[in-house]
Amino acid sequence: MELTSSPSRRAPQVQSALKAFLCGSLSGTCSTLLFQPLDLIKTRLQTLQGTVHSARVGMVSVFLTVVRTEKLVGLWKGMSPSFARTIPGLGLYFSTYYSLKQHFFQGRGLGPLEAVALGAGARSVAGVLMLPVTVIKTRFESGRYNYSSVVGALRSMCQTEGPRALFSGLVPTLLRDAPFSGIYVMFYTQTKACLPTGTSNTTKLGSSSYGPPAHFLCGIGAGVLASLITQPADVVKTNVQVGSGLSTAAAVRQVYSGVRGFFRGAVPRCLRRTMMAAMAWTVYETMMTRVGLKS
């Protein structure tokens, strides 16, 4: 009896996971470039807590302030850490998602609870591994730090705050990312399963001309719901990572100004996460079909 997989069997699995990583990374490149301004505006709104007249500052006000003081290019501030986080991060997420699905579910359709567990598990792996870059990205976008580069930010944080600072906000990050991805994957896969597969039983949705638009619409619906549910955790996470040495409990107290405080930046985040996730999954599904893999 063969107790372990032979190298000849493992090789195709590794190649498939690598293809999923590359497809996910490509989807991250496209979505990050397009939606970075929304992420920056969201971060600025969430870090206004406790400032004078902060309750009256909205998405449009922040947009105009950034353009006036930092020019139009200022809306893309933090692109280097965003790319450093999102491109490998989405690659890790989709390759982990694909590998776990193939290992535990043999590529079959997922039930609601299975989709939640698979999405949350894949996101947790990627979230923990990419957390140091996430902290740096958040600080770049806040406008409170004058880091010159990702490497310079890493060096500065390690020297002034210690390596532990690179993992600040771990708990709220996981409380945000794992539920978001779990809820997103559940609604995305269940909605997609309800769509027609084509004019014949052999026609796959992903290979038809209706595939990308259908995937995108499924992603938007899933993204709106997942974004709203996880918004409070995102606000707390942002404040922990921007405030040097701020604990999660202290961030909760700092943010709290009624329930409304936990939903600051909800509009740009909802727009950005929804559109970014929908685009990422659309590109991922399309590319996986092109390389001959079942996503």
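Glycine is no exception: its Cβ is also placed from the backbone N, Cα and C atoms.
Automatic prediction, not curation, is the source of TrEMBL annotations.
A quick note: this is a predicted structure, and the numbers were derived from the prediction, not measured.
Per TrEMBL, these features apply:
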type   : residues : note
REPEAT : 15-103   : repeat 'Solcar'
REPEAT : 110-194  : repeat 'Solcar'
REPEAT : 210-290  : repeat 'Solcar'
Averaged pLDDT, computed only over the residues in the repeat 'Solcar' (15-103): 85
The repeat 'Solcar' (110-194), counted residue by residue under DSSP: helix, strand, coil: 70 helix, 0 strand, 15 coil
DSSP-derived helix, strand and coil totals, residue by residue, for the repeat 'Solcar' (15-103): 77 helix, 0 strand, 12 coil
DSSP-derived helix, strand and coil totals, residue by residue, for the repeat 'Solcar' (210-290): 70 helix, 0 strand, 11 coil
